[in-house]
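The block underneath contains the structure these notes are about, expressed in structure tokens.
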Amino acid sequence: MDYLLMIFSLLFVACQGAPETAVLGAELSAVGENGGEKPTPSPPWRLRRSKRCSCSSLMDKECVYFCHLDIIWVNTPEHVVPYGLGSPRSKRALENLLPTKATDRENRCQCASQKDKKCWNFCQAGKELRAEDIMEKDWNNHKKGKDCSKLGKKCIYQQLVRGRKIRRSSEEHLRQTRSETMRNSVKSSFHDPKLKGKPSRERYVTHNRAHW
């Protein structure tokens, strides 16, 4: 009697474990067919961040901070990467730009929208700073010239003439840069719809018949 109970219990346990072993065998066979490779994870979704403007040089930290707002610096094992600088500009953003000229390449940066007056003023101010730096460098190079104390009056006269020419050309270049900056700011203000004035309506003067 005891043997019969033991046999029935073993058969009952074997019947319950058969489906589980079948499922486990199917999973092992699928893993064997794939060669034991793990499924490749999908690439992470990259965030795109709109830029206010594009700097002519990424070494200009002030321009980078102004143009690329809320930059997150991601520390990777290889190098430190500025997040958001490499996103390409859309075609619709390029359509808002003014037609570029050869002189625009000297700007500190290029705004993404012509309606952003603060951005235009910031980018155009870089030309004035660059002109002042050129003027100061030329004047310092002139001061570092040869010593004319032992060469006579002719050398001193030549240095004076050269210094006046350098100063005159530098001041003229600075004046042209400032006038161009003002012209571009006026152009950007004309493109701003808020600053455009409404067309003036003609006012007709009506005379009172009592004064005729």
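Note that Cβ sites are derived from N, Cα and C of the backbone, with glycine treated the same way.
Under the heading compositional bias 'Basic and acidic residues', Swiss-Prot lists 168-181 (among others).
If you look up Swiss-Prot, you'll see 189-205 (among others) marked as compositional bias 'Basic and acidic residues'.
Annotation source Swiss-Prot lists disulfide bond at Cys53-Cys67 (among others). Taken residue by residue with DSSP, Cys53 (disulfide bond) is part of a strand.
The feature disulfide bond is assigned by Swiss-Prot to Cys55-Cys63 (among others).
DSSP labels the residues of the region 'Endothelin-like' (109-123) in these numbers: 7 helix, 3 strand, 5 coil. Per Swiss-Prot, the feature region 'Endothelin-like' maps to 109-123.
Under the heading region 'Disordered', Swiss-Prot lists 168-212.
Marked as signal peptide by Swiss-Prot: 1-17.
Its Cβ taken as reference, Cys63 (disulfide bond) is surrounded by 20 other Cβ atoms within 10 Å in the chains shown. The DSSP secondary structure for Cys67 (disulfide bond) is helix. Over the region 'Endothelin-like' (109-123) the predicted model carries a mean pLDDT of 84. If you measure from the Cα atom of Cys67 (disulfide bond) to that of Cys55 (disulfide bond), you get 7 Å.
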